[in-house]
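A.B. asks: The structure under discussion is supplied below as structure tokens; questions concerning it will follow.
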Amino acid sequence: MGRADPEEGQLPAPVKPPDGGWGWIVLLGCFVITGFSYAFPKAVSVYFKELMKDFHVGYSDTAWISSIMLAMLYGTGPVCSIMVNQFGCRPVMLIGGLLASSGMILASFTTNIIELYLTAGVLTGLGMALNFQPSLIMLGTYFDKRRPLANGLAAAGSPVFLSSLSPLGQVLLEKFGWRGGFLIMGGLLLNCCTCGAVMRPLDMGMKRKMEKAQDKYEAKEMLPIGGKSEEGISTADGTKKAKKAKKKPKKGKKLLDFSIFSNRGFIIYTISKFILVLGLFVPPILLVNYAKDTGVPDTEAAFLLSIIGFIDIFARPACGMVAGLKWVRPHVAYLFSFAMLFNGLTDICSARASNYTGLVIFCVFFGISYGMVGALQFEVLMAIVGSQKFSSAIGLVLLIEAFAVLIGPPSAGRLVDALKNYEVIFYLAGSEVVLSALFLAVATYCCLNRGKKKEPPLEKNPSAGGGSDTEEAESDVQEAEEHSSDNHQPAHSTENAVVAANEEANHVAEEQSGEGGGCPEGDGEVLARDGCSTDQMVERDSF
């Protein structure tokens, strides 16, 4: 990704992620948000029997509550991207937490199933969507070197919350009824506001440090050795004003960046993810009924899902650690392909399982592969598009996945009703997952890796994004410290320092001339960043 000047209306200046510090608090918030977003639609299913009795509806009618929640979580991706790009992550998450909580609180006062669809389904689902996507964006902002591990730890929130919210919901149902349970669940969702409050923007403080370092360097560059600092600072202020006077007006910020569709890696990832989602969620949805049809008791059949969740808790962080290894991370797309291939083959091999032992073995391997997929899916997307375009990319990907979610599991259910055979469904789901794995691996190798080998190496050019802004700021600080140490040199070394300063000024002029398309060099002159005309030059004080 090329580097762009934020003051010319392109992308904001990239800020170096701290890979720790406050980022661990952000990771904890993302862990909680991920847990609520994925586990809550499944956890409310414990209330369905009571809802069927009170509203005199069938199971399919109550199941629409969870379906609407998931549809809002996936389908509102572009809306979340637009709001994040316009207002930032923290305000969007605070609003989302209030919406999610208010939806469950209002649902506790409903009198028919339609009102439940609008409150617990639409309102709570929208609130969780406004929390889930910004939390992933902030996680990518705070972590770079440790980002695979951070994604794995955050993804572990889904199985952890699923294993805790379902028993909690059962206890609340027994003591307070479904209305009291919904009310308390709504209070729990207010924790999303707390998680949103800790999502402190990273760029503000870092940009101030970069500006101070740049001003300090310019002041010391202008200052004659042994002179007064006030003179150098005033000259630097004049230079800064001259730069601001010549800057172009800002362009409007894109609310949704569709230019990512020109990225071949993003297209390959999106197609592969669509095929994956068609079959990924089918086995866990049908597993319990499949076990019952083979003669497994109800309690033991329900325990199979607990096995998957328990394995999943440890598989996601472990896979994140593996993905963060130096020799693995450049090939994380192939690791993701292996995880999908592992998952698909597990479905195919278990299609003929006819006893409880075989189903337990399937759950162990499925939990490992499912955890690997969950830990890597957003890490691969971040690696493809970068943190600057991730907010738009994830919104569009979730929207495309929403169609797959609405096609895959319902189609599998209809096939089960028509064929009365789960074996075919497992074969079909596994084949879809395997197909997505092979497509991602082959397309990545043929379309991306070979293309990179054929492209000639790009010259390092400041305008082409040869280095990050943070690296330039760090070099500015080092150079400024070197200049400050030069001021303490004895008087007889002044001539050597003058020669070095002139050479450095010429070097800066040559670097900045790359942005202006080649400018005439002048002795003792410093060029402004935005051009090379004579009215944009600042005279240096002669030594």
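From the backbone N, Cα and C atoms, a Cβ is placed for every residue, glycine too.
Please treat TrEMBL annotations as automatic predictions, because they have not gone through curation.
I grabbed these lines from TrEMBL:
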- 21-40: transmembrane segment (TRANSMEM)
- 23-448: domain 'Major facilitator superfamily (MFS) profile' (DOMAIN)
- 63-84: transmembrane segment (TRANSMEM)
- 91-110: transmembrane segment (TRANSMEM)
- 116-137: transmembrane segment (TRANSMEM)
- 181-202: transmembrane segment (TRANSMEM)
- 266-291: transmembrane segment (TRANSMEM)
- 303-325: transmembrane segment (TRANSMEM)
- 332-353: transmembrane segment (TRANSMEM)
- 359-378: transmembrane segment (TRANSMEM)
- 390-412: transmembrane segment (TRANSMEM)
- 424-448: transmembrane segment (TRANSMEM)
- 454-543: region 'Disordered' (REGION)
- 469-479: compositional bias 'Acidic residues' (COMPBIAS)
A.B. asks: Looking at 21-40, 359-378, 424-448, which one has the highest count of Cβ pairs under 8 angstroms to the transmembrane segment (390-412)?
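C.D. replies: Out of the listed stretches, 424-448 contacts the transmembrane segment (390-412) most.
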A.B. asks: Can we call the transmembrane segment (332-353) and the transmembrane segment (266-291) in contact, meaning three or more C-beta pairs below 8 angstroms at a sequence separation of 6+?
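C.D. replies: Yes, the transmembrane segment (332-353) and the transmembrane segment (266-291) are in contact.
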A.B. asks: Does the transmembrane segment (63-84) reach the transmembrane segment (116-137) with at least 3 CB pairs under 8 A, where each pair is 6 or more residues apart?
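C.D. replies: By the criterion, they touch.
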A.B. asks: Could you please provide the mean pLDDT value for the domain 'Major facilitator superfamily (MFS) profile' (23-448)?
C.D. replies: 83
